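Colleague: Before I ask anything, here is the structure I am working with.
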Number of protein chains: 2
Amino acid sequence: MHGEPAVAVLRLGHRPGRDDRMTTHVGLTARALGADRAIFAGGSQAAETVRDITDRFGGPFEAEVTDSPKAVLRNWDGRIAHLTMYGERVQDVEDEIRATRDDDGESLLIVVGAEKVSFDVYEAADWNVGVTNQPHSEVAGLAVFLDRLFEGRELDREWEDADQEVVPMETGKKVVDPDGEEQ
Amino acid sequence: MHGEPAVAVLRLGHRPGRDDRMTTHVGLTARALGADRAIFAGGSQAAETVRDITDRFGGPFEAEVTDSPKAVLRNWDGRIAHLTMYGERVQDVEDEIRATRDDDGESLLIVVGAEKVSFDVYEAADWNVGVTNQPHSEVAGLAVFLDRLFEGRELDREWEDADQEVVPMETGKKVVDPDGEEQ
C-alpha cells in the first residue's frame, strides 16, 4: 500500500458483457482497499472506469489492460496469491503471506478469477487461498483478503490529488473539494 | 451468526437485469460470511440462487423476497446499519455496533443499496457506515463489515446439512460428500 513492495490485483477470465460490472467492482475494490494497481484482461471497460474514479477521488492507483494475463503471471517478480474457494483457509495462511511482503520485501500479485480458472493458475500461485471454502463472490473475497493483508491500515490511507473528498457523516452526504468547500 | 441475535442483510434498490449478479453476490456473501438471512426486493432471482447454494453447501441460512423493503426497515425489531460511502468510518463505529449485538442482545439489519438510496433510509438507520469513504462495491463493503462484525469467527463456522464440502487444498480442487467420499 502506497509504495514498495507493490500489491497488484490481476483479474482473470473476464467475459465481456456478462462480467463487466463484477470486473469493475474488482478494480474499484482493489483501489479502495489499498492495492497499488489493477490489471485487467483485454475487452473490459473496467480500467477506464477505475481511472476515472482515481482522477476524481485520488490516488495513486494504476489501472492497466493486458492481452496476456498468463504472461503477467509468468513474468511476475514477487509472490502470487490466487483467491479460490478450493484453496487453503485465509486465516491459516495470511500471516505467512503478509510476512513475505512486510519482512522480506516481496511484491504481491493477487489473482482473482471469474468462473473457471485453468489449472496452470493454481500451479503458478505461491498460495491458493480461500476466503471461506464456500461459493460467494470474488469481490467479497478480495475485500476481506486486502483488509486482512493490510490489517486495516488501508482504511486510514490518505488520497492524493483528489478533486473531491467525502466527509464521513452520521446522516446525509457531504462532499468537499480540495479547499474544503462543499460541493 | 448461527443463532440469536440474528444478523440479516437487506438488499435495496435492485434493478432487474442490471443488478442481478451483484444482488446474487450480496446474498452469497451474506451467507458465506456469517449472516443468518438475506432479504431481497421483488424482481430478483437472487433468493432462488442463494437457496440452491444453501441446499448444496449447507446452512442454516434463509433467503427471502419482499415487496416492501421500506416495511422491512420500518418494522425491524433491533438495530439497523446502512452501508454507504457517505457514512461514518467503519473503524470508528464497529465496536459500538458489535456491542449492541454481543452485549445487549439486539439483532442487526445490515442495509446494502444499489445506486441511489433515498434519504429516509439514512434516517431509519442507527448507523450509516462507510467501509472507506471511496466509491467501490457494495459486495466488498458488506464483506469487510461482516468480517469485522464477527471478528473473523465466521470463517470457522460449521455448515449443517451440506451435500458437498470443499476441502481446503494447497493446489487443486477437492470436494467431498457428507461421508467424506470424494466427488
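Just so it is clear, glycine is given a Cβ too, placed from its N, Cα and C backbone atoms.
Below are the features I grabbed from TrEMBL:
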BINDING   A:Leu83, A:Gly113, A:Ala114, A:Glu115, A:Lys116, A:Val117  S-adenosyl-L-methionine binding site
Colleague: Using a Cβ-Cβ cut-off under 8 angstroms and a sequence gap of six or more, which residues of the chain neighbour A:Leu83 (S-adenosyl-L-methionine binding site)?
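Modeller: Those within reach of A:Leu83 (S-adenosyl-L-methionine binding site), by Cβ under 8 Å and sequence separation of 6 or more, are A:Ile110, A:Val111, A:Val112, A:Gly113, A:Val129, A:Gly130, A:Val131, A:Glu138, A:Gly141, A:Leu142, A:Phe145.
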Colleague: Need the DSSP three-state call for A:Gly113 (S-adenosyl-L-methionine binding site) to compare against my parser.
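Modeller: A:Gly113 (S-adenosyl-L-methionine binding site) sits in coil per DSSP, no helix or strand.
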Colleague: Using a 10 Å cut-off, grab the number of neighbouring Cβ atoms around the Cβ of A:Ala114 (S-adenosyl-L-methionine binding site), all chains included.
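Modeller: The answer is 17.
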Colleague: Around the S-adenosyl-L-methionine site formed by A:Leu83, A:Gly113, A:Ala114, A:Glu115, A:Lys116, A:Val117, which additional residues qualify by having Cβ within 8 Å of the site's Cβ center?
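Modeller: Near the S-adenosyl-L-methionine site, beyond A:Leu83, A:Gly113, A:Ala114, A:Glu115, A:Lys116, A:Val117, sit A:Leu12, A:Gly13, A:Thr84, A:Val112, A:Glu138.
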Colleague: Taking only same-chain residues 6+ apart in sequence, whose CB is under 8 Å from that of A:Lys116 (S-adenosyl-L-methionine binding site), what do you get?
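Modeller: Correct list: A:Gly13.
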Colleague: What is the total of other Cβ atoms whose distance to the Cβ of A:Glu115 (S-adenosyl-L-methionine binding site) is within 10 Å?
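Modeller: Step by step: centre on the Cβ of A:Glu115 (S-adenosyl-L-methionine binding site), count other Cβ atoms within 10 Å, giving 10.
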Colleague: What are the non-local neighbours of A:Val117 (S-adenosyl-L-methionine binding site), defined as same-chain residues 6+ apart in sequence with CB under 8 A from its CB?
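Modeller: A:Val117 (S-adenosyl-L-methionine binding site) has long-range Cβ partners A:Leu12, A:Gly13, A:His82, A:Thr84.
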Colleague: Using DSSP and three states only, what is A:Leu83 (S-adenosyl-L-methionine binding site)?
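Modeller: Going by the DSSP assignment, A:Leu83 (S-adenosyl-L-methionine binding site) falls within a strand, counted as strand.
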Colleague: Around the C-beta of A:Gly113 (S-adenosyl-L-methionine binding site), how many further C-beta atoms are within 10 angstroms, looking at every protein chain?
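Modeller: Other Cβ atoms within 10 Å of A:Gly113 (S-adenosyl-L-methionine binding site): 19.
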Colleague: Please give the S-adenosyl-L-methionine site's span as the largest CA-CA distance among A:Leu83, A:Gly113, A:Ala114, A:Glu115, A:Lys116, A:Val117, to the nearest whole angstrom.
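Modeller: About 12 Å separates the two most distant Cα atoms.
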